[in-house]
Amino acid sequence: QRHQMSNASSSTQFLLLAFADTRELQLLHFWLFLGIYLAALLGNGLIITVVACDHHLHTPMYFFLLNLSLLDLGSISTTLPKSMASSARAISFSGCAAQVFFFLFLMSAEFYFLTIMAYDRYVAICKPLHYGTLLGSRACAHMAAAAWGSAFLYALVHTANTFSLPRCQGNAVDQFFCELPQILKLFCSESYLREVVLLVFSAYLGFGCFVFIVMSYVQIFRAVLRNPSQQGWHKAFSTCLPHLAVVSLFVSTAMIAYLKSPSISSPSLDLVLAVLYSVVPPAVNPLIY
């Protein structure tokens with residue numbers, strides 16, 4: 001009977017990682033995450049308000065920035081509020097599935113928008129005469145719809161595939177939110193080959209977008225260096241380099257977290273990687289822009 005009860009409880013909920021056993025460290029974790037969360041809310045909320053209210057900012061660059069800020073707000077709100085409630089370690093099966101879906105949806109859409117924004121900057125600096133035709137309002141709307149739509153389908157396929165697998169390894173998720181690599185550890189090893197194939201395909205897609213971003217910036221820097229204006233150099237490098245740094249941090253840490261071998265996995269490494277790709281970019285993006 002006890003075995004049946006444990007099976008029933010494990011099938012209806014997951015247990016998230018407790019950051020610390022002592023009250024002092026729990027409070028430190030709470031206030032640190034609360035500070036980051038409030039900074040992200042304030043920064044992204046400010047960008048959304050300013051872009052929406054100022055008609056002079058109704059341009060392609062700020063339209064994409066508005067979308068990015070909405071995604072940053074959504075992604076950080078998917079993970080941090082639940083993790084700050086140290087007393088609420090348990091998360092229901094459906095709640096965990098929803099968290100995985102929204103996190104994958106918002107983070108993949110964010111990466112698509114970062115790619116689009118690199119293209120926007122490339123056209124603005126390298127092909128300014130064609131900017132109006134290449135990035136008209138209809139083209140911007142189509143690119144934004146493609147980013148949101150493909151991210152939705154991607155998250156839906158991943159989530160549906162993952163949560164249809166049989167579980168073998170209990171219900172303890174060794175992370176502060178329902179992170180896909182940690183969830184997969186709970187499923188029977190012979191069952192999740194399809195999901196691994198999906199993750200590898202995602203990595204190739206993400207790497208392709210990253211190469212496109214880097215190549216766009218290479219073209220931008222080449223164009224800027226041909227221009228003798230010191231002010232132009234400073235403006236281009238000061239806006240492009242921080243953006244490229246955050247994209248690099250986001251891509252590298254996410255790829256390591258999702259593709260690394262279980263043999264080199266450790267709770268502290270997994271935690272650091274998760275914070276670097278899920279918490280830092282949404283908080284830092286508003287400071288850059």
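For all residues, glycine too, the Cβ spot is worked out from N, Cα and C.
Nobody curates TrEMBL annotations by hand; they come from automatic prediction.
Marked as transmembrane segment by TrEMBL: 30-53 (among others).
Summarising the annotation, TrEMBL assigns domain 'G-protein coupled receptors family 1 profile' to 43-289.
Within the chain, the transmembrane segment (100-119) has long-range Cβ neighbours (under 8 A, six or more residues past its boundaries) at 61, 64-65, 67-68, 71-72, 74-75, 78-79, 143-144, 146-148, 150-152, 154-156, 158-159, 162-163, 177-180, 183, 202, 206, 209, 212-213, 216-217, 243, 247, 250-251, 254, 277-278, 281. Here TrEMBL flags 100-119 (among others) as transmembrane segment.
Residues or ranges marked as transmembrane segment in TrEMBL: 139-157 (among others).
Within its own chain, the transmembrane segment (196-218) is flanked in space by residues 108, 111-112, 114-115, 118-119, 121-122, 154, 157-158, 161, 180, 184, 240, 244, 247-248, 251, 254-255, 258-259, which lie at least six positions past its ends and keep a Cβ under 8 Å from the stretch. Per TrEMBL, the feature transmembrane segment maps to 196-218 (among others).
Annotation source TrEMBL lists transmembrane segment at 239-259 (among others). Sequence-distant contacts of the transmembrane segment (239-259) (same chain, at least 6 residues past either end, Cβ-Cβ under 8 Å): 107, 111, 114, 117-118, 121, 179-181, 199-200, 202-203, 206-207, 210, 213-214, 217, 220-221, 270, 273-274, 276-277, 280-281, 284-285, 288.
The transmembrane segment feature in TrEMBL is assigned to 271-288 (among others). Here the transmembrane segment (271-288) has Cβ contacts under 8 Å with residues 17, 33, 36, 39-40, 42-44, 46-47, 68-69, 72-73, 75-76, 79-80, 103, 107, 110, 175-177, 179, 239, 242-243, 246, 249-250, 253-254, 256-257 of the same chain, all six or more residues outside its ends.
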